[in-house]
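Straight from TrEMBL, the features:
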- H45: active site, proton donor (ACT_SITE)
- 38-45, 155-158, I184, 192-195: ATP binding site (BINDING)
- Q69: beta-alanine binding site (BINDING)
- Q69, Q161: (R)-pantoate binding site (BINDING)
Amino acid sequence: MDVIVAGDRAELAEARRALGIGGPASPGKAALALVPTMGALHEGHRSLMRLAGEHAEHVAVSIFVNPLQFGPGEDFSRYPRTFDDDLEVCAAEGVSMVFAPAAEDMYLPDRQVGVSAGKMGAVVEGAFRPGHLDGVLTVVLKLFNLVRPDVAVFGQKDAQQLAMIRRMVADLDLPISVVGAPTIREADGLALSSRNRYLSPQDRQAALALSRALFAGAGQRTPGEIRRVARAVLAEEPSVAVDYLVLVDPATFAEVGEGHTGEAILAVAARVGSTRLIDNVTIGL
Ligand SMILES: Nc1ncnc2c1ncn2[C@@H]1O[C@H](COP(=O)(O)OP(=O)(O)OP(=O)(O)O)[C@@H](O)[C@H]1O
Ligand SMILES: CC(C)(CO)[C@@H](O)C(=O)[O-]
Ligand code: BAL
């Protein structure tokens, strides 16, 4: 089947009708799973589409570079936009519907109301990108309301984003199951990211310090040692400027103490040249 491309609300409603969504789903399978993206699709996004297909009869992919989640001075205007290639990727993955709205159609010019990510949205990533997680939650809630999926799939690579979307679903009683997907990496450990295409060959080599630090930290047994070893690996790479390296509770993103048991997330954000990258691993303690 060809991919249906919807560019606005009316076309989206028509696409849902054409796919028979809203009618009875096949037994044991949800009708529609959504994979929200900002485009410039890579193998990480493809893995999300495949996982979405295991959960629902139809997969929808949204492609929207959301202005609300970019701060002043961030890379909104130069963010890679590769719509034609993205459409081919979606077709090859058997996606039923691509929703690619224009910013003017998503946000009213006099928009007043948005989602607040609360205190959890002001720590870790939120401390370095004020308002970012409010912008993410606002657009994700709008995408949920527009596309009306039963299931939504997000990558663990954006771990705080995933945790906050789970919180939004719980706090606002949204009728959606959230599925987290593992991080896809290059053979040398670099987490796939649309922003990797900004990296020069030298930057790309330096960027390997992020995953190297996370894997070295994950080999330790206590929070103190995990943090110390990971920081030491990052310090060995002078062209990596670290924004944060934290060991946090996966649900709250609060720093874990020395006695912590259960899972913790070791998360890093750093700038390599003019490119800001994030990565994380989950560690059992
Ligand atoms: N390497 C990856 N493995 C699995 N999922 C990923 C990976 N990279 C991104 N995702 C997920 O894909 C979804 C869309 O993310 P997005 O379009 O921002 O891609 P990205 O590569 O993370 O881009 P950016 O470089 O802007 O961070 C998110 O749920 C994100 O967590
Ligand atoms: C979830 C998302 C599509 C919202 O704009 C974005 O933050 C992303 O690509 O991870
Ligand atoms: N993948 C998260 C989107 C952003 O960095 O804005």
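Placement of Cβ uses the backbone N, Cα and C atoms for every residue, glycine included.
Where the annotation comes from TrEMBL, it is an automatic prediction and has not been curated.
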**Request:** May I ask which of the recorded positions M38, L41, G44, H45, Q156, S194 have a CB within less than 6 Å of any atom of ligand 2, listed in sequence order?
**Result:** M38
**Prompt:** Quick one: which of the recorded positions (G44, H45, Q69, Q156, I184) have their CB closer than 6 Å to ligand 3?
**Reply:** Q69
**Prompt:** Looking only at Q69, S194, the binding-site residues on record, which one has the least crowded Cβ, with the fewest other Cβ atoms within 10 Å?
**Reply:** S194
**Request:** Quick one: of the binding-site residues G44, Q69, S194, which has its CA closest to the CA of Q161 ((R)-pantoate binding site)?
**Result:** Q69
**Prompt:** Among G44, H45, Q156, S194, the recorded positions in the record, which have a C-beta under 6 A from ligand 1?
**Reply:** G44, H45, S194
**Request:** Measure from the CA atom of the residue listed as 'beta-alanine binding site' to the CA atom of L41 (ATP binding site) and give the result in Å, rounded to a whole number.
**Result:** 19
**Asked** Can you count the other CB atoms that lie within 10 A of the CB of H45 (active site, proton donor)?
**Response** 26
**Asked** Reported as an integer number of Å, what is the Cα distance between Q156 (ATP binding site) and H45 (active site, proton donor)?
**Response** 12
**Prompt:** C-alpha of H45 (active site, proton donor) to C-alpha of I184 (ATP binding site): distance in Å?
**Reply:** 9
